[in-house]
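Below: one structure, written as structure tokens.
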Amino acid sequence: MRTLWIVTVLLVGVEGSLVELGKMILQETGKNPLTSYGVYGCNCGVGGRHKPKDGTDRCCYVHKCCYKKMTDCDPKKDRYSYSWKDKTIVCDENNPCLKELCECDKAVAICLRENLDTYNKKYKIYPKFFCKKAEPC
């Protein structure tokens, strides 16, 4: 469990319900969140939003934009719960803010699965200083 915590911290900084996000990514992609996405491209992991290198990196960019658009909750502190039913992520929250946070994390996990064919090992540990600023969300 401690490894999963470290994995998710590296994946998205200290934002969101980190343990849940890591589980979602593992469930959807079958990949270890830390070793596969921890410092992937220009947007996965800690740091600002940059021009995505590929579809996988774009998923992380869109995820950061999703967090940025939240107004009624704090993705850095708030925690949610979800369930995995019939290989589908179900956000179980009644609280609208926590449900929105869960849906942002669900969307990135599904996006990463849908973009497994764009995953490029050359971006697996990509130096952020090669990244260019992206358009605003």
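Every residue gets a Cβ built from N, Cα and C, even glycine.
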Problem - According to Swiss-Prot, the disulfide-paired cysteine of Cys111 among Cys59, Cys60, Cys65 - result: Cys59
Exercise for the section: Would you mind telling me which of 4-16, 17-29, 121-133 Swiss-Prot tags as region 'Important for membrane-damaging activities in eukaryotes and bacteria'? Expected result: 121-133
Handout entry: Cys44: disulphide-linked cysteine among Cys60, Cys65 [source: Swiss-Prot]
Key = Cys60
Completion exercise
Checking the recorded positions Cys59, Cys65, Cys111, Lys121, Phe130, Cys137 against Cys44 (disulfide bond) with a 10 Å Cα-Cα cut-off, in sequence order, leaves Cys59
Practice task
Would you count the other CB atoms within 10 A of the CB of Cys59 (disulfide bond), including those on all shown protein chains?
Solution key: 26
